[in-house]
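These notes concern the structure reproduced below.
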Amino acid sequence: MNSVIVNPPTQPIRTEIRLASSKSESNRALIINALTQFKGQLENISSARDTQTMMRLLQSSDVVADVLDAGTTMRFLTAYFAVTNQHKTMTGTPRMCERPIGILVDALRILGANITYKQNEGYPPTELNGFQYSGQNHLTIRGDVSSQYISALLMIGPMLPDGITLELTGEIGSRPYIEMTLQQMRAFGVTHEANWEAKTIRVPAQHYTPTHYAIESDWSGASYWYSLVALAKDAEVELLGLKENSLQGDSAIVKIMEHMGVKSVFTKRGVLLTKIPAEKAFAWDFTDCPDLAQTVAACAAVAGIEVTMTGIESLKIKETDRVGALQAELPKIGGELVELEQNTKYIVRRKAETPATPPSTPVIETYDDHRMAMAFAPVGMVFPVEISEPHVVAKSYPSFWDDLKKVTTIA
Ligand SMILES: O=C(O)C1=C[C@@H](OP(=O)(O)O)[C@@H](O)[C@H](O)C1
Ligand SMILES: C=C(OP(=O)(O)O)C(=O)O
């Protein structure tokens, strides 16, 4: 199907949703478990394409490892294959080959990896040609481009003869993802010392202990249901499998949505979302939770809430340039994303004198980005919205449309 139309519900929404499990937690658990010689037991592994790709590539003896569009799979496997001395060509979609990897490759080279670029310096595809430990394990690495490089290095750290010490420079983006990595490593028996003031993390040489590890549901996927409850006239949704004390930084959606009209009550099974009055304006720093920015932007544009957004610098190097994509698509639903300070501060709002409902059904382009599709789908709670290339959701939340069909009609 080339597009779907999400229509406003004709009845109050009362439902429970068993969310997909977290691809971020799954992909870490898979790498760590591989480093136990696959001796642990992983429960609730994600059906997300990014995770299925990781599983397939960990089991494959092919020389070419094609990660498709999965950032974590590319970054984590590059480090894993490098230190386990596997000769591989790492490649992905054309967009993946535009997403930088030089910071990670430079770090792995210092450790002793022989890596070459097959096309453009600093970008996939790369060729991994073996590993000979250099004796150098103290690395200085930028923290303000992608936390995935840091997570990738931390996970392989205990396998190195002297462990690893990372000194991070610049503002640390997506820090909860680094902490998620460290916590999952700890669940597999590996200790670390992190000093966040000094921005250093040390992982001594040690062995992972095979473990039974259960993966939580996906808070990034939960965010679309928050937006849906915020925008629907009458809705109560229980999201199953989420925990109040999550490893996932995207659980920040609980606090964000308190401003946007959704109350969260944690239950034994997950979290129950109900409607509360929304605020007119608020500000949020997305440095810790960049994947929530699109959800909030689309919701705010329709709800008429002004959100001042900072910390969205990294959006430009994700599945698409997400800032550009939002600026192109929000006007179709009556919103706008305006840059207030170059690349650092934006405001998302409803455009002045915009009718509540557009004259015809807006068609939202998704730019091969699952989050563009899922962030704009809840707009259908207010007026019909057409989402192009709906299959993009498979990257992180393959059952998204089936779940949405439980609350409204999708044509
Ligand atoms: O480590 C992870 O699982 C992720 C880290 C974040 O990327 P950056 O660190 O590049 O911001 C996030 O956007 C991505 O969806 C998943
Ligand atoms: C940015 C994302 O993923 P990745 O970087 O792993 O491709 C995402 O899922 O929004």
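Backbone N, Cα and C define each Cβ position, glycine as well.
Counted within 10 Å of its Cβ, the other Cβ atoms near ASP291 (active site, proton acceptor) come to 26, all protein chains included. Sequence annotations record features per position, and here TrEMBL assigns active site, proton acceptor to ASP291.
As annotated by TrEMBL, phosphoenolpyruvate binding site applies to LYS23, GLY71, ARG99, GLN148, ARG322, ARG371, LYS395. DSSP assigns LYS23 (phosphoenolpyruvate binding site) to a helical segment in the three-state reduction.
Marked as 3-phosphoshikimate binding site by TrEMBL: LYS23, SER24, ARG28, SER146, SER147, GLN148, SER174, ASP291, LYS318. Look at LYS318 (3-phosphoshikimate binding site): DSSP puts it in coil.
As annotated by TrEMBL, domain 'Enolpyruvate transferase' applies to 10-59 (among others).
Marked as domain 'Enolpyruvate transferase' by TrEMBL: 61-404 (among others).
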Cβ under 6 Å from ligand 2: qualifying recorded positions of LYS23, ARG99, ASP291: ASP291
Nearest recorded site to LYS318 (3-phosphoshikimate binding site) by CA-CA distance, among recorded positions ARG99, ASP291, LYS395: ARG99
Contacting recorded positions, sequence order - SER147, SER174, ASP291, ARG322 vs ligand 1, Cβ under 6 Å: SER147, SER174, ASP291
Cβ contacts of LYS395 (phosphoenolpyruvate binding site) (under 8 Å, same chain, 6 or more positions away): LYS23, ALA48, ARG49, ASP50, ASP69, ALA70, GLU319, HIS370
ARG371 (phosphoenolpyruvate binding site): tally of other CB atoms within 10 A of its CB: 31
ARG371 (phosphoenolpyruvate binding site) as reference: those recorded positions from ARG28, SER147, SER174, ASP291 with C-alpha within 10 Å of it: ASP291
